[in-house]
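Per Swiss-Prot, the features are:
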SIGNAL    1-23  signal peptide
DISULFID  Cys26-Cys37  disulfide bond
DOMAIN    33-155  domain 'C-type lectin'
DISULFID  Cys54-Cys154  disulfide bond
BINDING   Glu127, Asn142, Asp143  Ca(2+) binding site
DISULFID  Cys129-Cys146  disulfide bond
Amino acid sequence: MGQFTVVSLGLLAMFLSLSGAKGDNCPASWISRNGVCNKLFPDRKTWLEAEMYCRALKPGCHLASLHRDSDSTVLAWYISDHFKGAGHVWIGLRDTNRKRTWKWSDRTSTNYFSWNQGEPNNVQDNENCVHLWAPSGYLKWNDEPCASLHPFICQYKL
């Protein structure tokens, strides 16, 4: 009877772990945060090339959008810990109509900003895209010409 109980408990544990695997986990090379999956791509691309690359990965995938300090902290840790020397990293924020109206590429609400001191400064009236600023440990943002080449973070909702 004792052996039957151990086997039954083992089967129950296996069933529960399999029933929890509903495809709501991020792939192995992606990180999970607040219901989304993120992955840093070290290839250097313009902002638009990076956004198009993310969109081609899967439906609903875009450059990352950040909506709270905890989002910034998780991504900063991920980049700093796994991709030392990546440089600045594109996120999905952009001023599409050049009126200093910032919008996320995934069309989520723009309710949070983490600008570096003195930013956005729109140097030479040509800084309409946003990256995570490397010297801040990837916690602060800087506006940059969209044609600059940087690694980037893609994101999709679970």
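Using N, Cα and C of the backbone, Cβ positions are placed for all residues, glycine too.
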Under 8 Å by Cβ from Cys154 (disulfide bond), counting only residues of that chain that are 6 or more apart: Asn38, Lys39, Phe41, Ala50, Tyr53, Cys54, Leu57, Cys61, His62, Leu63, Ala64
Let me know how many other Cβ atoms fall within 10 Å of the Cβ of Glu127 (Ca(2+) binding site). 19
Drop a 10 Å sphere on every Cβ of the disulfide-bonded residues Cys26, Cys37, Cys54, Cys129, Cys146 and tell me which sphere holds the fewest other Cβ atoms. Cys26
Near Cys146 (disulfide bond) (Cα-Cα within 10 Å), the recorded positions in question, chosen from Cys26, Cys37, Glu127, are Glu127
Across the domain 'C-type lectin' (33-155), what is the average pLDDT of the model, as a whole number? 95
How many Å separate the Cα atoms of Cys26 (disulfide bond) and Asn142 (Ca(2+) binding site)? 28
Please list, in sequence order, the residues in the chain of Asp143 (Ca(2+) binding site) that are at least six apart in sequence and whose C-beta is under 8 Å away from its C-beta. Asp95, Glu119, Pro120, Asn121, Asn122, Glu127, Asn128, Cys129, Val130
I'd like the number of other C-beta atoms within 10 A of the C-beta of Asn142 (Ca(2+) binding site), please. 20
Distance from Cys37 (disulfide bond) back to Asn142 (Ca(2+) binding site), taken between C-alpha atoms, in Å: 23
Using the Cβ center of Glu127, Asn142, Asp143 as the Ca(2+) site position, which other residues in that chain lie within 8 Å, going by their Cβ? Glu119, Pro120, Asn121, Asn122, Val123, Cys129, Val130, His131, Trp141, Glu144
For Cys54 (disulfide bond), what is the secondary structure state per DSSP, taken as helix, strand or coil? helix
